[in-house]
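If you look up TrEMBL, you'll see 10-493 marked as domain 'Cytochrome oxidase subunit I profile'. Look at TrEMBL and you will find 24-46, 66-89, 105-126, 146-171, 183-208, 228-248, 268-286, 345-366, 386-406, 427-447, 467-496, 526-546 (among others) tagged as transmembrane segment.
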Ligand code: HAS
C-alpha cells in the first residue's frame, strides 16, 4: 500500500495503490461483470427489436429465451459481480489500505462459486432449458441445473460479504471506540441487507424449486414460492441501489471538490434501508389471491416509508452540490450549479442517473400505492420503471465508477479522450433510456401488458394506441447497445492500452465537512438493527406464511411452457 498526496487536477487528494492481490481480485469481479453486460445488452437489443416488430427472429431462438438471458445477465449477474468488486475495492482502500489474506480467500471462493453458477446458468439459458425469465416463477420448470446455478451465485455473493465483514470486524477490533470509515460501514450495511434478503430466495430454491425441477415432488405451492421470491425481490432493488448511493455520498464529494454534508445522515439512511426494505415484498403481490388485504395495506404503508431514505438522499445531494459550488466562490442562488465538474465523466454519468431517478422514483411511489397499482401492474409501465431506476440511475452510476476504478486498478490514466467518450456514451445511454422508458410508461397506462412477445392481438383495436410507441422503443435498443459497445471499448482501453501512470491514480474518498457533531455509535450496533429487522419481518410475514403453509391454495404441477 502506498498513500501520498498529489495534485489531481481537482483538489489535493490522497492517491492510493492497490496491492496486487486486491487488484487482481477486484478486476476478476469487474471482468465477469463486463462479460455479463455484453451478453445481456446484446440479448436486450435483439429482444427489444423483436418485441416491437422490427425483426422476426428464427423460431429456434425464442423471445422469452432472449428475455431470460437479458434479465439474468444484467439484473442478476452484472450487478452482483460489479457491486461486490466495487465494495471490496472501497473496503480495501478505507480499512487500512488492503484486504488481508483471509478476506481475499473468502472473496475468491465466492468469486469461483459465482463464476461456476454464471456459466451453468448461461448454458441452461442458451440451450433453452431455462426459459423462465429472471424471476423464475414457479410453476415454470427450468432445468434443475439452472436453480443450482442461481444458488451458487447467491451463496458465492454471501462469501463476498463475509470478506467485507471480516475486514470490517478486524478494523473495529483494532480501533475500539472509533467510528468506522463511511465507505466500509455502508458496504457492511449493503451486504447485511443482501444476506437477509437472499434468505427468502435461498429457501425457495432449495426447498421448492430444486425438488420440483428434479422431480422429487410432483407439485409446488405457487403462492408460497412467489411470496418467498418477493421477500427477496424488493430488497434486491436496494442491493442494486445502495452501492450507487455509496458512490454519491462518499466518492462524488471528492470529485466535485466538496465535502460530505454529514457523516451520520448517510449511516442513518442505510440503517433505514435495512429496516424498511425487507418487509414490503407484498407490494409485488397486490393482485394475488391468498394474501389478506390488511397485509397488503401494511406493505403499502411500509413501502412509502422506504421512500424516506431516498428523500433524505435527495436533500443530502443538493446540500453537497451547493456547498461544493459555494466553497468555490459561487454566490447567486443557483450559481453553484455552474461550478460542478460537468466535463468529468466520473461525476457527469452518475448525475444523469440522479436526474433519471427523479421520475423513476416517482413511478415507484405510484407502484406502491395499492389502488394505483391496479392500473399499472403487469403492464409495460413497470418495465419502464425499472429501466429508469436500475438501468439508468444505478447503471449510469456504475459507468461513472468504472471510468476511474478500472484505471486505478490497472495503474493507467483516464485520458481526456476516454473521459469525453465516456460523457458521450453516458448521453447516448441517457437518451436511449428516455426513448425506452418514457414510451413504456405511456403504453403501460394504455394497458399494454409486460412479459409478452410481439403480438397485435389479432389486430384488436385496443392495440392501435400503442403502435406509435413501438418503433421508438425498438430504436432505443440500438442507442443502448451502441452505448454499451463504447463503454466496453473504453474499458478494454483502460484495462490494457491506456498510458501507464508513474503515481497511482486517484481513488476519490470525500471528507466530512463538519466533524463537530460526533456520529452516534448506536448506528454501528449491527445486532440491534438486524434484530429490529427480524421483528418487522416477523410482524409482516408470520401470519400470511403460516396461512399459506397450513391451508395452502391448490398447488400446481410443474409446467414447461416453451
Ligand atoms: Fe421499484 C417494481 C416500488 C425503487 C426496481 N422496481 C420494480 C421492479 C424492479 C424495480 C426491477 O410498490 C420490477 C420487478 C418485476 O420484475 O416485477 N420501487 C418502488 C418504490 C421505490 C422503488 C416505492 N425500484 C426502485 C429502485 C429499483 C427498482 C431503486 C432498482 C434499482 N417497484 C415498486 C413497486 C413495484 C416495483 C410497488 C411493483 C410493481 C408491480 O405492480 O409489479 C422507491 O425506493 C423510489 C424512491 C426514489 C425516489 C427518488 C429520489 C431521487 C434521487 C435523485 C436526486 C437527484 C439529484 C440530482 C440530487 C423518491 C435520490 C438532481 C439535480 C438536478 C439539477 C435536477
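Glycine too: its Cβ is placed from the backbone N, Cα and C atoms.
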#### Entry: Contact call for the transmembrane segment (228-248) against the transmembrane segment (467-496), three or more Cβ pairs under 8 Å
no
### Task
Using Cβ atoms only, state whether the transmembrane segment (345-366) and the transmembrane segment (386-406) have three or more pairs under 8 Å that are 6 or more apart in sequence.
yes
### Query
Do we see three or more Cβ pairs under 8 Å linking the transmembrane segment (467-496) and the transmembrane segment (183-208), pairs being at least 6 apart in sequence?
no
### Message
Tell me if the transmembrane segment (105-126) touches the transmembrane segment (268-286). I count contact as 3 or more CB pairs below 8 A, with pairs 6 or more residues apart.
### Response
no
### Task
Quickly jot the same-chain residues contacting the transmembrane segment (24-46) by Cβ under 8 Å, restricted to those at least six beyond its ends, or write none.
18, 55, 57, 66-67, 69-74, 77-79, 81-82, 84-86, 88-89, 92, 99, 104, 107-108, 111, 114-115, 118, 122, 160, 402, 405-406, 409-410, 477-478, 480-481, 484, 487-488, 491, 495
## Note on the structure
Quick tally over 105-126, 146-171, 427-447, 526-546 of CB pairs under 8 Å to the transmembrane segment (66-89) gives the top stretch as 105-126
### Query
the transmembrane segment (105-126): which same-chain residues, six or more beyond its ends, come within Cβ distance under 8 Å?
25, 28-29, 32, 36, 39, 65, 68-69, 72-73, 77, 80-81, 84, 88, 99, 142-143, 145-146, 148-153, 155-160, 162-163, 166
